[in-house]
Amino acid sequence: MREEAGIVTRTTGPDEGRAVGVTTSGPATNRPTSETPPPAVSRARRRSVFHPFVWSPAVVVLLVLAVAWSAVADAHPYLLPRLGEVGAALTGDPALFLTNAWATLGIALVGVGVGAGSAFLLALLMSEIPVVRRAVMPFAVVLNVTPVVAITPALVVAFGFGMTPKVVVTAIITFFPVLINVATGLRSVPVPVLHVFRTLHASRWEVLLRLRIPNSLPYTLAALRVVLPLSLVGAVVAEFVAAGSSGGLGTMIRNSASTARLDHVYAGVACLAAMGVLLLALVTLAERRLLFWHESRRSTRA
(Lines of atoms letter the chains of each structure in order from A and count residues from 1; the text may use other names and numbers.)
(Lines give C-alpha, C1' and ligand atoms only; values in the text may rest on other atoms or scores of the structure.)
Protein backbone atom coordinates (compact mmCIF):
# COMPACT_ATOMS: atom_id res chain seq x y z
CA MET A 1 0.00 0.00 0.00
CA ARG A 2 1.41 3.43 -0.86
CA GLU A 3 0.19 6.97 -0.37
CA GLU A 4 0.41 9.61 -3.08
CA ALA A 5 -1.12 13.09 -2.87
CA GLY A 6 -3.44 11.96 -0.12
CA ILE A 7 -4.76 8.90 -2.04
CA VAL A 8 -4.17 5.44 -0.54
CA THR A 9 -3.70 2.67 -3.14
CA ARG A 10 -3.00 -1.02 -2.83
CA THR A 11 0.31 -2.26 -4.25
CA THR A 12 -0.36 -5.98 -3.84
CA GLY A 13 -3.29 -8.29 -4.09
CA PRO A 14 -6.14 -8.55 -6.55
CA ASP A 15 -7.05 -4.90 -6.13
CA GLU A 16 -3.61 -3.62 -7.01
CA GLY A 17 -3.54 0.05 -7.91
CA ARG A 18 -7.18 0.67 -6.91
CA ALA A 19 -7.82 3.68 -4.66
CA VAL A 20 -9.45 2.60 -1.43
CA GLY A 21 -9.47 5.72 0.69
CA VAL A 22 -8.46 9.31 1.17
CA THR A 23 -6.14 10.47 3.89
CA THR A 24 -5.55 13.93 5.24
CA SER A 25 -1.79 13.61 4.78
CA GLY A 26 0.14 14.16 1.61
CA PRO A 27 1.29 17.21 -0.25
CA ALA A 28 -0.73 20.38 0.08
CA THR A 29 -3.16 21.15 -2.68
CA ASN A 30 -4.77 24.35 -3.95
CA ARG A 31 -8.26 23.30 -3.04
CA PRO A 32 -10.26 26.27 -1.65
CA THR A 33 -11.30 26.09 1.97
CA SER A 34 -14.34 27.51 3.69
CA GLU A 35 -12.21 30.41 4.93
CA THR A 36 -10.55 31.14 1.57
CA PRO A 37 -12.87 31.69 -1.42
CA PRO A 38 -11.89 30.17 -4.75
CA PRO A 39 -9.49 32.33 -6.74
CA ALA A 40 -12.01 32.75 -9.56
CA VAL A 41 -14.64 34.00 -7.12
CA SER A 42 -12.18 36.41 -5.51
CA ARG A 43 -11.13 37.77 -8.89
CA ALA A 44 -14.78 38.15 -9.92
CA ARG A 45 -15.56 40.07 -6.75
CA ARG A 46 -12.60 42.37 -7.21
CA ARG A 47 -13.44 42.86 -10.86
CA SER A 48 -17.07 43.70 -10.05
CA VAL A 49 -15.95 46.55 -7.78
CA PHE A 50 -12.65 47.79 -9.16
CA HIS A 51 -12.84 46.92 -12.83
CA PRO A 52 -12.49 50.16 -14.84
CA PHE A 53 -15.39 49.33 -17.13
CA VAL A 54 -17.71 49.36 -14.11
CA TRP A 55 -16.96 52.94 -13.15
CA SER A 56 -15.69 54.60 -16.32
CA PRO A 57 -19.12 55.27 -17.94
CA ALA A 58 -20.39 57.10 -14.86
CA VAL A 59 -17.13 59.04 -14.57
CA VAL A 60 -17.26 60.03 -18.23
CA VAL A 61 -20.87 61.20 -17.95
CA LEU A 62 -20.01 63.16 -14.80
CA LEU A 63 -17.09 64.86 -16.51
CA VAL A 64 -19.21 65.73 -19.55
CA LEU A 65 -21.89 67.23 -17.32
CA ALA A 66 -19.28 69.21 -15.39
CA VAL A 67 -17.81 70.61 -18.61
CA ALA A 68 -21.27 71.51 -19.94
CA TRP A 69 -22.20 73.10 -16.61
CA SER A 70 -19.03 75.21 -16.61
CA ALA A 71 -19.64 76.33 -20.19
CA VAL A 72 -23.21 77.45 -19.45
CA ALA A 73 -22.16 79.10 -16.17
CA ASP A 74 -19.42 81.07 -17.92
CA ALA A 75 -21.74 82.19 -20.72
CA HIS A 76 -24.82 82.86 -18.56
CA PRO A 77 -23.82 83.40 -14.91
CA TYR A 78 -27.33 84.54 -14.05
CA LEU A 79 -28.67 81.07 -14.97
CA LEU A 80 -26.13 78.78 -13.32
CA PRO A 81 -23.47 79.43 -10.69
CA ARG A 82 -20.00 78.09 -11.22
CA LEU A 83 -19.22 74.76 -9.59
CA GLY A 84 -16.57 76.46 -7.50
CA GLU A 85 -19.18 78.88 -6.16
CA VAL A 86 -21.45 75.98 -5.18
CA GLY A 87 -18.56 74.27 -3.41
CA ALA A 88 -17.64 77.51 -1.67
CA ALA A 89 -21.23 77.89 -0.44
CA LEU A 90 -21.15 74.36 1.00
CA THR A 91 -17.81 74.78 2.71
CA GLY A 92 -18.32 78.39 3.72
CA ASP A 93 -21.26 77.72 6.03
CA PRO A 94 -21.62 73.95 6.50
CA ALA A 95 -23.69 74.35 9.67
CA LEU A 96 -26.45 76.06 7.66
CA PHE A 97 -26.77 73.16 5.25
CA LEU A 98 -26.37 70.45 7.88
CA THR A 99 -29.08 71.96 10.08
CA ASN A 100 -31.57 72.32 7.23
CA ALA A 101 -30.69 68.91 5.78
CA TRP A 102 -31.29 67.29 9.15
CA ALA A 103 -34.70 68.99 9.42
CA THR A 104 -35.75 67.80 5.95
CA LEU A 105 -34.42 64.29 6.58
CA GLY A 106 -36.34 64.08 9.85
CA ILE A 107 -39.60 65.03 8.12
CA ALA A 108 -38.93 62.51 5.34
CA LEU A 109 -38.18 59.63 7.70
CA VAL A 110 -41.17 60.32 9.94
CA GLY A 111 -43.40 60.53 6.87
CA VAL A 112 -42.04 57.22 5.56
CA GLY A 113 -42.63 55.64 8.95
CA VAL A 114 -46.23 56.82 9.04
CA GLY A 115 -47.03 56.12 5.39
CA ALA A 116 -45.19 52.81 5.02
CA GLY A 117 -46.29 51.55 8.44
CA SER A 118 -49.97 52.25 7.82
CA ALA A 119 -49.70 50.78 4.31
CA PHE A 120 -48.11 47.59 5.66
CA LEU A 121 -50.83 47.10 8.28
CA LEU A 122 -53.57 47.79 5.75
CA ALA A 123 -51.99 45.33 3.30
CA LEU A 124 -52.09 42.65 6.02
CA LEU A 125 -55.80 43.27 6.50
CA MET A 126 -56.39 43.23 2.75
CA SER A 127 -54.62 39.89 2.39
CA GLU A 128 -56.70 38.27 5.14
CA ILE A 129 -60.06 39.97 4.56
CA PRO A 130 -61.02 40.30 0.87
CA VAL A 131 -63.85 42.70 1.72
CA VAL A 132 -61.31 45.18 3.07
CA ARG A 133 -59.34 44.98 -0.17
CA ARG A 134 -62.39 45.66 -2.31
CA ALA A 135 -63.44 48.54 -0.07
CA VAL A 136 -60.06 50.25 0.34
CA MET A 137 -58.35 49.85 -3.03
CA PRO A 138 -60.52 52.35 -4.99
CA PHE A 139 -59.86 55.08 -2.42
CA ALA A 140 -56.14 54.26 -2.38
CA VAL A 141 -56.03 54.64 -6.17
CA VAL A 142 -57.82 57.99 -5.98
CA LEU A 143 -55.38 59.18 -3.33
CA ASN A 144 -52.45 58.09 -5.47
CA VAL A 145 -53.58 59.88 -8.64
CA THR A 146 -54.41 63.11 -6.81
CA PRO A 147 -51.52 65.60 -7.19
CA VAL A 148 -50.13 66.09 -3.73
CA VAL A 149 -49.15 69.67 -4.59
CA ALA A 150 -52.84 70.47 -5.04
CA ILE A 151 -53.82 69.34 -1.55
CA THR A 152 -50.75 70.63 0.30
CA PRO A 153 -52.17 74.16 0.82
CA ALA A 154 -55.34 72.67 2.29
CA LEU A 155 -53.24 70.55 4.64
CA VAL A 156 -51.28 73.63 5.71
CA VAL A 157 -54.54 75.46 6.44
CA ALA A 158 -55.86 72.48 8.38
CA PHE A 159 -52.72 71.64 10.41
CA GLY A 160 -50.81 74.92 10.48
CA PHE A 161 -47.21 75.67 9.56
CA GLY A 162 -45.61 73.10 11.83
CA MET A 163 -44.29 69.65 11.12
CA THR A 164 -47.67 67.92 10.82
CA PRO A 165 -48.67 68.95 7.26
CA LYS A 166 -45.18 68.11 5.97
CA VAL A 167 -45.34 64.65 7.51
CA VAL A 168 -48.83 64.10 6.09
CA VAL A 169 -47.70 65.09 2.59
CA THR A 170 -44.71 62.75 2.79
CA ALA A 171 -46.88 59.93 4.13
CA ILE A 172 -49.36 60.35 1.27
CA ILE A 173 -46.57 60.10 -1.30
CA THR A 174 -45.10 56.94 0.25
CA PHE A 175 -48.38 55.20 1.10
CA PHE A 176 -49.53 53.75 -2.23
CA PRO A 177 -46.30 52.11 -3.51
CA VAL A 178 -45.80 50.31 -0.21
CA LEU A 179 -49.44 49.22 -0.09
CA ILE A 180 -49.37 47.73 -3.59
CA ASN A 181 -46.01 46.01 -3.21
CA VAL A 182 -46.71 44.50 0.20
CA ALA A 183 -50.17 43.32 -0.85
CA THR A 184 -48.64 41.68 -3.92
CA GLY A 185 -45.96 39.98 -1.85
CA LEU A 186 -48.47 38.67 0.68
CA ARG A 187 -50.57 37.10 -2.09
CA SER A 188 -47.69 35.77 -4.22
CA VAL A 189 -46.72 32.85 -2.01
CA PRO A 190 -45.58 29.63 -3.74
CA VAL A 191 -48.57 27.31 -4.02
CA PRO A 192 -46.60 24.11 -3.19
CA VAL A 193 -45.27 25.69 0.00
CA LEU A 194 -48.77 26.83 0.92
CA HIS A 195 -50.01 23.27 0.42
CA VAL A 196 -47.28 22.01 2.75
CA PHE A 197 -48.40 24.45 5.44
CA ARG A 198 -51.98 23.30 5.05
CA THR A 199 -50.93 19.66 5.15
CA LEU A 200 -49.19 20.35 8.45
CA HIS A 201 -52.42 21.96 9.71
CA ALA A 202 -50.78 25.35 10.20
CA SER A 203 -53.09 27.98 11.58
CA ARG A 204 -53.94 31.13 9.68
CA TRP A 205 -51.68 33.13 11.96
CA GLU A 206 -48.77 30.74 11.37
CA VAL A 207 -49.21 30.94 7.60
CA LEU A 208 -49.21 34.73 7.81
CA LEU A 209 -46.25 34.97 10.17
CA ARG A 210 -44.02 32.23 8.75
CA LEU A 211 -44.90 32.30 5.05
CA ARG A 212 -46.71 35.38 3.79
CA ILE A 213 -44.77 38.08 5.66
CA PRO A 214 -41.32 36.62 4.84
CA ASN A 215 -42.40 36.24 1.22
CA SER A 216 -43.42 39.92 1.13
CA LEU A 217 -40.04 41.15 2.42
CA PRO A 218 -38.41 41.51 -1.05
CA TYR A 219 -41.47 43.43 -2.25
CA THR A 220 -41.36 45.68 0.81
CA LEU A 221 -37.69 46.53 0.32
CA ALA A 222 -38.31 47.19 -3.37
CA ALA A 223 -41.03 49.64 -2.38
CA LEU A 224 -38.71 51.34 0.11
CA ARG A 225 -36.14 51.73 -2.65
CA VAL A 226 -38.73 53.85 -4.47
CA VAL A 227 -40.41 55.73 -1.64
CA LEU A 228 -37.36 56.81 0.36
CA PRO A 229 -36.16 59.25 -2.34
CA LEU A 230 -39.79 60.26 -2.91
CA SER A 231 -40.08 61.12 0.77
CA LEU A 232 -37.46 63.83 0.27
CA VAL A 233 -39.54 65.19 -2.61
CA GLY A 234 -42.63 65.27 -0.40
CA ALA A 235 -40.79 67.02 2.42
CA VAL A 236 -39.36 69.67 0.09
CA VAL A 237 -42.73 70.26 -1.62
CA ALA A 238 -44.38 70.76 1.76
CA GLU A 239 -41.61 73.17 2.80
CA PHE A 240 -42.07 75.11 -0.44
CA VAL A 241 -45.82 75.50 0.05
CA ALA A 242 -45.76 76.18 3.79
CA ALA A 243 -44.65 79.79 3.41
CA GLY A 244 -44.58 80.41 7.14
CA SER A 245 -42.40 77.43 7.96
CA SER A 246 -38.81 77.77 9.10
CA GLY A 247 -36.01 75.28 8.63
CA GLY A 248 -35.51 72.60 6.03
CA LEU A 249 -33.76 72.54 2.69
CA GLY A 250 -36.98 73.39 0.85
CA THR A 251 -37.41 76.57 2.86
CA MET A 252 -33.74 77.47 2.43
CA ILE A 253 -33.89 76.90 -1.35
CA ARG A 254 -37.05 78.99 -1.63
CA ASN A 255 -35.57 81.87 0.36
CA SER A 256 -32.27 81.70 -1.53
CA ALA A 257 -34.07 81.77 -4.88
CA SER A 258 -36.05 84.85 -3.83
CA THR A 259 -32.76 86.68 -3.15
CA ALA A 260 -30.99 85.33 -6.27
CA ARG A 261 -28.49 83.28 -4.26
CA LEU A 262 -28.13 80.60 -6.90
CA ASP A 263 -25.05 79.15 -5.25
CA HIS A 264 -27.12 78.35 -2.15
CA VAL A 265 -29.96 77.03 -4.30
CA TYR A 266 -27.79 74.48 -6.07
CA ALA A 267 -25.86 73.68 -2.91
CA GLY A 268 -29.19 72.74 -1.33
CA VAL A 269 -30.03 70.61 -4.37
CA ALA A 270 -26.66 68.87 -4.02
CA CYS A 271 -27.45 68.11 -0.38
CA LEU A 272 -30.79 66.58 -1.38
CA ALA A 273 -29.08 64.44 -4.03
CA ALA A 274 -26.50 63.23 -1.52
CA MET A 275 -29.25 62.37 0.97
CA GLY A 276 -31.14 60.41 -1.69
CA VAL A 277 -28.03 58.41 -2.60
CA LEU A 278 -27.41 57.69 1.09
CA LEU A 279 -30.96 56.41 1.59
CA LEU A 280 -30.68 54.17 -1.46
CA ALA A 281 -27.38 52.81 -0.16
CA LEU A 282 -29.00 51.97 3.17
CA VAL A 283 -31.81 50.07 1.44
CA THR A 284 -29.26 48.18 -0.65
CA LEU A 285 -27.36 47.22 2.50
CA ALA A 286 -30.60 46.05 4.12
CA GLU A 287 -31.36 43.91 1.07
CA ARG A 288 -27.95 42.23 1.28
CA ARG A 289 -28.38 41.51 4.98
CA LEU A 290 -32.01 40.41 4.98
CA LEU A 291 -32.45 38.76 1.58
CA PHE A 292 -29.43 36.45 1.60
CA TRP A 293 -31.87 33.54 1.18
CA HIS A 294 -33.70 35.03 -1.82
CA GLU A 295 -32.99 33.88 -5.36
CA SER A 296 -32.27 37.45 -6.47
CA ARG A 297 -29.29 37.62 -4.11
CA ARG A 298 -28.05 34.19 -5.19
CA SER A 299 -28.19 35.18 -8.84
CA THR A 300 -26.33 38.40 -8.05
CA ARG A 301 -23.56 36.53 -6.26
CA ALA A 302 -23.35 34.04 -9.10
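Just so you know, glycine gets a Cβ as well, placed from its N, Cα and C.
According to TrEMBL, the features are:
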- 1-40: region 'Disordered' (REGION)
- 22-34: compositional bias 'Polar residues' (COMPBIAS)
- 53-72: transmembrane segment (TRANSMEM)
- 101-124: transmembrane segment (TRANSMEM)
- 101-287: domain 'ABC transmembrane type-1' (DOMAIN)
- 136-161: transmembrane segment (TRANSMEM)
- 167-197: transmembrane segment (TRANSMEM)
- 217-244: transmembrane segment (TRANSMEM)
- 264-286: transmembrane segment (TRANSMEM)
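When Cβ-Cβ distances under 8 Å to the transmembrane segment (136-161) are tallied for each of 101-124, 167-197, 264-286, the top count falls to 167-197.
By the count of Cβ pairs under 8 Å, the stretch nearest in packing to the transmembrane segment (217-244) among 101-124, 167-197, 264-286 is 167-197.
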